[in-house]
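For reference, TrEMBL has these:
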type    : residues                                                                : note
BINDING : A:Lys7, A:Phe8, A:Gly9, A:Gly10, A:Thr172, A:Asp173, A:Tyr178, A:Arg183 : ATP binding site
BINDING : A:Thr47, A:Glu74                                                        : substrate binding site
DOMAIN  : A:4-227                                                                 : domain 'Aspartate/glutamate/uridylate kinase'
DOMAIN  : A:340-398                                                               : domain 'Aspartokinase ACT'
2 protein chains.
Amino acid sequence: METSVLKFGGTSVGDFDKIRDIAGELQLRVSRGEKLIVVVSAMGGTTDELLRNASSLSHAPKEDHVALLLTTGEQQTISYLSIVLEDLGVRTKAMTGYQAGIRTFGGHMKSRIADIDQDRLKAVLKTHDIIVIAGFQGINDDLEVTTLGRGGSDTTAVAIAARCSMPCEIYTDVDGVYATDPRVYSEAHRIYEITYDEMMEMSALGAGVLETRCIEIAKNHAIPLYLGRTLSEEKGTWIMQDTQVLEKKAVTGAALDDDIIHVTLYEPQRESTLIFDLFEKFEQHDVNIDMISQVVNSEGFQLSFTVKGTDSHRLEQIFEAVGHMHPEMVLDARTGRSKVSIIGSGMRDMTGVASKAFMALQTSGIPFYQTTTSEISISYVVDSENDRQAVEVLASAFGL
Amino acid sequence: METSVLKFGGTSVGDFDKIRDIAGELQLRVSRGEKLIVVVSAMGGTTDELLRNASSLSHAPKEDHVALLLTTGEQQTISYLSIVLEDLGVRTKAMTGYQAGIRTFGGHMKSRIADIDQDRLKAVLKTHDIIVIAGFQGINDDLEVTTLGRGGSDTTAVAIAARCSMPCEIYTDVDGVYATDPRVYSEAHRIYEITYDEMMEMSALGAGVLETRCIEIAKNHAIPLYLGRTLSEEKGTWIMQDTQVLEKKAVTGAALDDDIIHVTLYEPQRESTLIFDLFEKFEQHDVNIDMISQVVNSEGFQLSFTVKGTDSHRLEQIFEAVGHMHPEMVLDARTGRSKVSIIGSGMRDMTGVASKAFMALQTSGIPFYQTTTSEISISYVVDSENDRQAVEVLASAFGL
C-alpha cells in the first residue's frame, strides 16, 4: 500500500471551501488505493488572532500558556477536515500532537521533535484511510503542550515522513522552487529536481520556501520531499539525494538576501584576542554571523562578515562592549548592502564557475565588496541598489 | 493549606473583562493563603459556534471529530485565564482534560469519568498557586478526546473535588438554590443549606440548577458543594450530608416541569405483556419515563406515566410499534400538562405532609390527574394552565 505524508499550510486551509476542495482531492487519492497522513496548519489568520488575544491580556504572556492557546488552531483544522473527509466516506482519524506521540524538548515556543509514535500511526492506518495530524505542536516530558516555532508544520510533516519512511509532499502557495526568486528575476526557471544540499544552501542563503531544518531531516533519513502549489496541475519540485537529470548544470539557483549589515573590523596588532572576544559576545547576544573572511598581514588583523539587518540593535551593543576592550579597533559597519549567491552541487566537479561569475559581475560594472565560497555556493556582497541587477546578470550567465 | 475546587461556567467567562474580574478574585483568595483548582467552561457562545461550523460541513458529523473540535473551546479559556493570572503574579498551571489525567469511558459526546490523576494534581499544587483545568473533557483508553455531555464542566469540578477530597464551589448566573423557581413563585426563599438527597430530588424534578450526576458524586464522596452567583456578595447554597439547621422543615422546596406528556394506557386483559413490550421499546428508543403508576383490576390492566415533552416524536414511534402488538390497547396521551413536586428530607420523619398538600390543592380547586411519591418528594400532574398557581399554593402552604 502506497503511503505518503502530505502537508497543507494555513492559506491552503484558509476557509471551509478550501478545506472541502482539499478533502475532495484527498478522497480521489484514497479511491486510487493510497493511504495518507495529512498534516495541517491552523486556518489562515487564526494563529495571529490568538496571539493578539494573548497580548491583549498580558504584555508578556507566559510561553507555556501561549503554546497551549495556539495549538487549538491546528486542533480545529484537523477536526473540520476530518468531519468533511468522513462525510465523503473516507475513514479518517484526527490526531493532535500528543495523540500522535510527537514528543518534544526545548522551549515551549520553539521545541524540537525528539520522537514520534510510529507504531501507533501504522496501527491506525490499518483501519483508516487517512490520519489527519495537527502540525506545529507536540508534548514534552512534563506533559506540557509545546509548539515547534517557525516552519513548525513543515517540520511535523517531514519528521513523520522520516520516522515512518514515507515520501513527504508539502503544499503551499508557490509552484515550487525557482532557480531564483521570480519577483527578483522574472525569467527565472522552475527547478523540478534539486538535491538536499543545494536546497539547504538555497534556504540558508535566503530562498525562504522551506526551513533549513526540514531539509536537514529529509536528507538525514533520505526522504523524498516534494514542494508544490495546493490543488495545482503544475509540476512542483522534488528534493532528493541525487537528481535524475543526466547532464547536471554547474549552477542550479541564485538567491538574494537584501537586508544585511556588512561589517569590516581592523586592529593594528598581529596578535589579538579581538576575534575571540567578538565571537563570545555574538554567542551571548544570540546573533548569527555569516560570510566570515579573516586576514592577518604585517600591518595587523582584519575581519569581515555579515549579519542580518534585523540584528542591528544587538550589533550596536556588541560593538560598544568590544570597543571598550579593544580601543584601537577600527569599525566599518554598512547597511544598504545585499548578499547575492549562486548555488549548485555541480560546482563540486566543474571548474570555472567562480571565474565565470566574477567576469559576469565585473563586465556589467557591478562593484562587490566581499566574496565567500562553500563547496556548492558562492556569495557576493553588493550594494542593495544593484542587487537585482546582480541576480539577473548571474542568472543569465548560468541560464537559470 | 486550604484547597478548594471552583468552577466557572460559560457566562462567567463570557468575555476578557469577565476573565480579568474572575482572575482578580482568585488572586485575592490566593493572597489569603488558599490554593485553588479552577475548572472553566468554554467562553459563552463558543461551543455553539463550533457546533454550527461542524453542522455546516456535514449533516451528521462524526462524534469523535466533534468532541475533538468542541474541546478547543475550554482549552482556549484555560489559556486566557492562566495568562491573566500569571500576569497578576499568581503561579498558574493550565491543564486540558488529558493533562489532568481525566480518563473517561462511554460515547465521545457523553462520556463518564473513570479516573482522575490526583497525584499529578497534588504534585503540581506544591509549586503552583492555582491549577486551571478545562471542564467538560477527558480522554478515553484509546487516547481519544471525549466530552462529558450536559453539565459536563460541573461534573469535571465535582469529580476532581471528590477524588482529591476538597470542597467544591460552583459559580453560575443564579444566586443559589431557591425553595422554588423565583420566576414561578416570586416570593420564593433562597435555601442556604440543603441535603444531597433533597437537592437530587429537586434536580430530578426539574429544578435545573445542577445535573443529578454531580450531586450524586458529591454525596458518594461526602464533598460539600456550594452553588452561588459569580463574583457576588450574596450568600449562595451549600449542599451537604446534613444541614446545620436545627428545626427542619418538612418541605424544603417545590419544583415545576411544565413540558411533559401525560400518558394513560388501558388493556382489557388482566394478564398482559404490554408493560414488558412497552418498556423494551422505551429502552430501545432511549426515552426516560417517570411517575409510573400501574393498576391491575378485574377489568384489565392500566398504566400511567409521564415523559418529557421533547420526546413526543419518539413516543409516537413507540406507540405505533406497540399498538400493532396490542390491538386492544386504549391510549390516552395528553400534552398541556405539568408536573408539580414538593421535596423535603423532613418528610421521612414527619407525617401529614401528603394530606396537607392534597388539601391545599383541593381547597384551591386545582384538578390533579396523577400523584406519585418517593421517600422525600410528592409529585402531581396538573393542567399546565394551573401549574404556576399550584406551585404558589404549595409553596405558601409549606412556607417556602
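Each Cβ is built from the backbone N, Cα and C atoms, and glycine gets one as well.
In this structure the C-alpha atoms belonging to A:Asp173 (ATP binding site) and A:Glu74 (substrate binding site) are separated by 18 Å. Of all the Cβ atoms in the protein chains shown, 28 others lie within 10 Å of the Cβ of A:Lys7 (ATP binding site).
Helix, strand and coil content of the domain 'Aspartokinase ACT' (A:340-398), in residues and according to DSSP, is 29 helix, 18 strand, 12 coil. Looking only at the binding-site residues A:Glu74, A:Asp173, the densest Cβ neighbourhood within 10 Å occurs at A:Glu74. Taking only the Cα positions, the spacing between A:Thr172 (ATP binding site) and A:Glu74 (substrate binding site) is 16 angstrom.
Within 10 Å of A:Thr47 (substrate binding site), counting C-alpha to C-alpha distances, fall the following of the binding-site residues A:Lys7, A:Gly9, A:Gly10, A:Tyr178, A:Arg183: A:Gly10.
Taking a C-beta cut-off of under 8 Å and a sequence gap of six or more, A:Phe8 (ATP binding site) has these contacts in its own chain: A:Ile22, A:Val38, A:Val39, A:Val40, A:Ser41, A:Tyr171, A:Thr230. Annotation note: A:Lys7 (ATP binding site) sits in a strand segment as assigned by DSSP. A:Gly10 (ATP binding site) sits 9 Å from A:Glu74 (substrate binding site), taking the Cα positions as reference.
Site extent for ATP: among the recorded binding residues A:Lys7, A:Phe8, A:Gly9, A:Gly10, A:Thr172, A:Asp173, A:Tyr178, A:Arg183, the largest C-alpha separation is 25 Å.
The Cβ of A:Gly9 (ATP binding site) lies under 8 Å from the Cβ of A:Ser41, A:Ser153, A:Asp154, A:Tyr171, A:Thr172, A:Asp173, A:Thr230, each of which sits 6+ residues away along the same chain.
Other Cβ atoms within 10 Å of the Cβ of A:Arg183 (ATP binding site) number 10 in total over all chains.
Ranked by Cα separation from A:Glu74 (substrate binding site), the binding-site residues A:Lys7, A:Tyr178, A:Arg183 are led by A:Lys7. In the three-state DSSP reading, A:Tyr178 (ATP binding site) counts as strand.
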